[in-house]
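What Swiss-Prot annotates here:
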- 1-16: signal peptide (SIGNAL)
- 17-278: topological domain 'Virion surface' (TOPO_DOM)
- 17-121: domain 'Ig-like V-type' (DOMAIN)
- C34-C103: disulfide bond (DISULFID)
- N37: N-linked glycosylation site (CARBOHYD)
- N69: N-linked glycosylation site (CARBOHYD)
- N112: N-linked glycosylation site (CARBOHYD)
- N161: N-linked glycosylation site (CARBOHYD)
- 193-214: region 'Disordered' (REGION)
- 193-202: compositional bias 'Polar residues' (COMPBIAS)
- N253: N-linked glycosylation site (CARBOHYD)
- 279-302: transmembrane segment (TRANSMEM)
- 303-314: topological domain 'Intravirion' (TOPO_DOM)
Amino acid sequence: MTRLPILLLLISLVYATPFPQTSKKIGDDATLSCNRNNTNDYVVMSAWYKEPNSIILLAAKSDVLYFDNYTKDKISYDSPYDDLVTTITIKSLTARDAGTYVCAFFMTSTTNDTDKVDYEEYSTELIVNTDSESTIDIILSGSTHSPETSSKKPDYIDNSNCSSVFEIATPEPITDNVEDHTDTVTYTSDSINTVSASSGESTTDETPEPITDKEDHTVTDTVSYTTVSTSSGIVTTKSTTDDADLYDTYNDNDTVPPTTVGGSTTSISNYKTKDFVEIFGITALIILSAVAIFCITYYIYNKRSRKYKTENKV
């Protein structure tokens, strides 16, 4: 008996046709419905489940049984018994509600062949539209604002009192690659501090340098070079103040940037399609057996009643 529902399920999967799609936004309610083609047979039970292996509910007459932590507060069953259309309403959609929903009808013939159970299955895809980026993404990427930058040219430097000659090396462009995020740092001028050991005079030129980031945000980096002329030689030191530290959270390899999940769902249920079909078949068999027992009991009772009436007349 269990092979028949499995065979019917395989046949329905082979001849499956592309199913319709329903698109909703997060927080909305989605109503899914499907019609059965066989309008002559009697519906024993209807069911809804979500692919790949999450059963939602089973409905027999006026009784509705929910599975896999689904409740009527989340998904309401809005179909009268033995209707041509079965309908459910999913309330307050979230990204996890997206996926393929399947409705199934289990029907029996209205003739005397009560052992035959027909099975119909229809699919509907629910798409839940999510926002393109979250608030955290906007703050870290700086895509919603473009800070103003200012550039100050160095004043004239008078090194006439210096007793020695020194050279200042211009730093090469620095490229910081973190996964797909690239920051290109370009220096146009440096802040130079020159100290003469013989004269004791010093001149200072400070210029904030713009750092161009490919993600529409700009920060400044100030580099200072100090050159001291002594009798033993020339000593050059470097100090850096990097405003890009404000974006350490974004560039940190240990930090995972926030992501928005849309259109994908994962089910952790242990149910399989084969189990659903077996449950449907067993339940249908139990219901049919109960109907048969009722009919036999009614027939025997009716027969005795007629016999009793006949004896009384005589």
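Quick reminder: no glycine exception, Cβ is built from N, Cα and C everywhere.
Quantities reported herein were computed from a predicted structural model and do not represent experimental measurements.
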Item to complete: Take the C-alpha atoms of C34 (disulfide bond) and N69 (N-linked glycosylation site) and report the distance between them in angstrom, rounded.
Response: 23
Fill in: Rounded Cα separation (Å) that holds between N69 (N-linked glycosylation site) and C103 (disulfide bond)
18
Response to the item:
Excluding its own, the Cβ atoms lying within 10 Å of the Cβ of C103 (disulfide bond) add up to 24
Discussion item. Looking only at the domain 'Ig-like V-type' (17-121), what is the model's average confidence as pLDDT?
Written reply: 85
Worksheet item: What is the interatomic distance between the Cα atoms of C103 (disulfide bond) and N37 (N-linked glycosylation site), given in whole Å?
Response: 13
Fill in: Per-state residue totals over the domain 'Ig-like V-type' (17-121) - DSSP helix, strand, coil
3 helix, 55 strand, 47 coil
Worksheet item: If you skip the near sequence neighbours and keep only those at least six away, which residues in the chain come within under 8 angstroms of N37 (N-linked glycosylation site), Cβ to Cβ?
Response: E120
Worksheet item: For the recorded positions C34, N69, which one has the sparsest Cβ surroundings, going by other Cβ atoms within 10 Å?
Response: N69
Discussion item. Per DSSP, what is the helix/strand/coil residue tally across the topological domain 'Intravirion' (303-314)?
Written reply: 11 helix, 0 strand, 1 coil
